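To start, the structure under review is shown below, and the notes come after it.
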Amino acid sequence: MAEEESDQEAERLGEELVAIVESPLGPVGLRAAGDGRGGAGSGNCGGGVGISSRDYCRRFCQVVEDYAGRWQVPLPQLQVLQTALCCFTTASASFPDECEHVQYVLSSLAVSFFELLLFFGRDEFYEEPLKDILGSFQECQNHLRRYGNVNLELVTRIIRDGGPWEDPVLQAVLKAQPASQEIVNKYLSSENPLFFELRARYLIACERIPEAMALIKSCINHPEISKDLYFHQALFTCLFMSPVEDQLFREHLLKTDCKSGIDIICNAEKEGKTMLALQLCESFLIPQLQNGDMYCIWELIFIWSKLQLKSNPSKQVFVDQCYQLLRTATNVRVIFPFMKIIKDEVEEEGLQICVEICGCALQLDLHDDPKTKCLIYKTIAHFLPNDLEILRICALSIFFLERSLEAYRTVEELYKRPDEEYNEGTSSVQNRVRFELLPILKKGLFFDPEFWNFVMIKKNCVALLSDKSAVRFLNESTLENNAGNLKRTEEQQGLDEGFDSLTDQSTGETDPDDVSGVQPKGHINTKKNLTALSTSKVDHNVPRHRCMLCNKEFLGGHIVRHAQAHQKKGSFACVICGRKFRNRGLMQKHLKNHVKKIQRQQIAAAQQDDQEVTALEEINCSSSSISFENGNSDSKDLEVETLTASSEGNKEVIPEHVAEFIEIPISVPEDVIENVIENGSPNNSLNNVFKPLTECGDDYEEEEDEEGDYEEDDYDLNQETSVIHKINGTVCHPKDIYATDQEGNFKCPALGCVRIFKRIGFLNKHAMTVHPTDLNVRQTVMKWSKGKCKFCQRQFEDSQHFIDHLNRHSYPNVYFCLHFNCNESFKLPFQLAQHTKSHRIFQAQCSFPECHELFEDLPLLYEHEAQHYLSKTPESSAQPSETILWDVQTDSNPNQEKDSSSNEKQTISLPVSTSKSRKESTEPKTCIESMEKKTDSLVQNGNERSDDTVSNISLIDQKMPDIEPNSENNCSSSDIVNGHSEIEQTPLVSSDPALKIDTNRIRTENGSILPSVVPQEHNTLPVSQAPSKPNLTSEHTSYGLILTKPYVRPLPPSYLDERYLSMPKRRKFLTDRVDACSDQDNVYKKSVKRLRCGKCLTTYCNAEALEAHLAQKKCQTLFGFDSDDESA
């Protein structure tokens, strides 16, 4: 029955193939040349020339595949191929010899014949119907020999030899018999590698694994056939099917490249072998993760994710497998492909898992891989685009790693956004994950941005920029600032023009120079101002500056920005003159001064061409002068001399602000100096905060000559005016600490030194360098710093102790270790703290010379060192008396000077203990200090006449209250200044003439005597004229007359201990004291009888109030329970 059906199928197939030739389906293409002659075996088919070879081959293949696919056994399929080959042989007679379509069809038929012959042995070749089929095949091959198809000839030879399995070399290989590799390779080269692949597939399909492995190994050992990846895939398949061969599986895995492995995995998955592909993928992936190799890692992880989900669709299992593979990874970069597949495959929870993976990766040691760390920060910012706080932290972290201008721009853009509160409802991750991530992110920051505003963040970020980025940033910032200033100038000029035009129209006046009436007056001035402001853009003759360090030229003020590129740690050099500085601010001011000098030269030249005022006159008009006697100013002569000398040395025009920083020369007459000292008055300028000797001592020699070259910009003024200090509980301005002249210049407090300075910083450098042993200098420095070291926050009570301690903070490593025989010092305090932990037993040695005591506790060491200096305090009290005597010599009365100086010596020579000084520093000042406020006008107007002085002081004396002569509390008990106490027990006004003080002498805070020219009759005043408000007190010290504000007594909790403020506990007295109480006390102790309402329980003091309450009948029972009424 099956044979009849196959015969019928063969007849129908022949008819369809003949119909293809007779009725062409495709367009006429390349026609075959021929006359339609038929060949052997072509009795069933007719010839024709109406169809092209390409169309015929295409239709032929479709029909043959259709009929062959209807059978699942090899013999009927061989019959279909026999009929197809005979029909093709007849039709191909008209086709050309070198037609590629014919070659393709013949090769396909030959390979199909070979694949079906694998199912038959040698014995079956001589039986019907296989014998007839093979004979027809050989006959057709003889007619098709002109095409020279290799595969067809190979199949014909194999049929003659008895079949595909009958070759003796192949039999030896399959049976694992020893054979020479050369003979095996020669046999393998004699056939098409595709035939060996078909043999291996047949053996694997029949589960003949040993024979298949033997054949596959022989093919792999062949140099040419081994390039075919199928044999490697087949070997892995065989090893996968035999678990005993695990060692061979791993060995061959190591020999296979990952790229080839990916192709093998994909081919295995196409064949439906998912488990084999998954095991192969994991076998290739895990060694890559363990070795940290990123070669083909993205492809392997992606293929693994697809195979894992195909084998097990569970999302939780998938995530667990991802974590398991991540634990085996040694390269942190593998988190990126894993996060990619997790985010794609696990929908909602995938984002949170990815954020957690990033947080875990940041906890690893990534110091050697900043690029990967930046990628992690950028990934977190990509995952959480709506969390502004995390975005800012990530942007700052990226900037700290890259130090690029683009990273800074991102930080600036994020911090310019308005702050947003974190909303847990709209967050992409859970609150737990976010708050675990925040401290991890902040670990990479140099500071916590929550405690800094954007101004501080910008300042520190710009300082961290690299050289090229810093120059680019400064260039862009300067261009933006110039554009903004130019725009504001144009707007202001436009407003001025509009105002001028309105004024001209309202008054009816016209501009004679404006003929057209369109252009207003201010337009010409606007052009001049814009030209002066932006000379670098308009004028082509812009001066060029050459950098001395790199020999590059820059236009105009670009040299200032270029200087940022040459900054080094602890050293800043001027790129124009080469001068070195240790402070960046001083270097920048010095460099800007160079540029402004040249700019002023150009402006002065332009103004001179326009016949306006010359540059020298403009500088003299705008500069501040030094006030001399009776208010006359001789600063012009001094400025002209200074300008001439400076122009000869530097060949540059000195700016107008230089005169403010010029010191008074030593050659000034003594009377002029005394007048400056006596008439000096404070103003509102404030200077830089005091720097210790260790920071400023090295730079003083090179910066002292440049004191007149630094400009005083608004930023410095705003920064300086915010510095205030507290002395004895009151806010004190620096002018109250330092003596100043009428122009606000600060005088050196040293004994016999007459130099004055414009800024406190310069004064401090001069005083600490030139007069390091002067007592007044030490006390002034002590007072300015409030006795506290700004590095270690240690409090000192002795000025010499304070100065000696500051000398130990040597720049740049200012934080030193106190341990015995340890000379380590550090720049930052946390470095010192880490170093201190390295000492197992901390023992600090006393820093006093010739003292070698060791202490384990710092408080004990501090107390011990203070005892050394307290013992030296009485010996050093003679120098202030000399200073006071030098101060008083300016008075005209020599007798009074002698008396006051002798009294002062007695007062200061009294030693005062340190504890007493601290206690008395909180006490209020005496009424003598109330004179400060009224004498303020005297000191501010230093050039007033003596008559005005007499009248001012007389007014002060008239308002001084009378004090009872027998009252000890009204005396000036103690005046504490700079930690020293001056005790004065003499009352201000007394009825006893022997106890009256000299009214021509007024004691000030520092113990000096203030001479007075008030007549004697104004000294005593009635008690009724006591002032209602405290007055100011004038202070005449060794370096001038100073006014101090009245002392305002602070609240008791600020200076008293709690035991003096809290209410004492009540004590029980003896019974005899209780019985001794008077009858009057017993009367007050009697209790008053009170009346209460029975219902609402309201209490009343008398019966009338209770009756009025009851008469209203509005009260209700407080506890109204029915059960109580019934029981009653």
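A Cβ is built for glycine as well, from the same backbone N, Cα and C atoms used for every other residue.
Annotation source Swiss-Prot lists compositional bias 'Polar residues' at 903-915 (among others).
Positions annotated as compositional bias 'Polar residues' by Swiss-Prot: 937-951 (among others).
Among the features that Swiss-Prot reports, phosphoserine is placed at S1123 (among others).
Under the heading phosphoserine, Swiss-Prot lists S1127 (among others).
What Swiss-Prot records for 498-523 (among others) is region 'Disordered'.
As annotated by Swiss-Prot, region 'Disordered' applies to 891-951 (among others).
For the zinc finger (572-594), the number of residues in each DSSP class (helix H, G, I; strand E, B; coil) is 11 helix, 4 strand, 8 coil. The zinc finger annotation in Swiss-Prot covers 572-594 (among others).
Across the zinc finger (746-771), the prediction's mean pLDDT works out to 84. Annotated zinc finger per Swiss-Prot: 746-771 (among others), in sequence order.
What Swiss-Prot records for 787-809 (among others) is zinc finger.
Beyond its flanks by at least six residues, the zinc finger (815-839) meets 791-792, 808-809, 845, 854, 858, 861 of its own chain at Cβ-Cβ distances under 8 Å. The zinc finger feature in Swiss-Prot is assigned to 815-839 (among others).
For the zinc finger (844-868), the residues of the chain that approach it from at least six positions outside its boundaries are 794, 796-798, 801, 804-805, 808, 818-821, 914, judged by C-beta separation under 8 angstroms. As annotated by Swiss-Prot, zinc finger applies to 844-868 (among others), with the evidence given as sequence analysis.
Break the zinc finger (844-868) down by DSSP state and the numbers are 11 helix, 4 strand, 10 coil.
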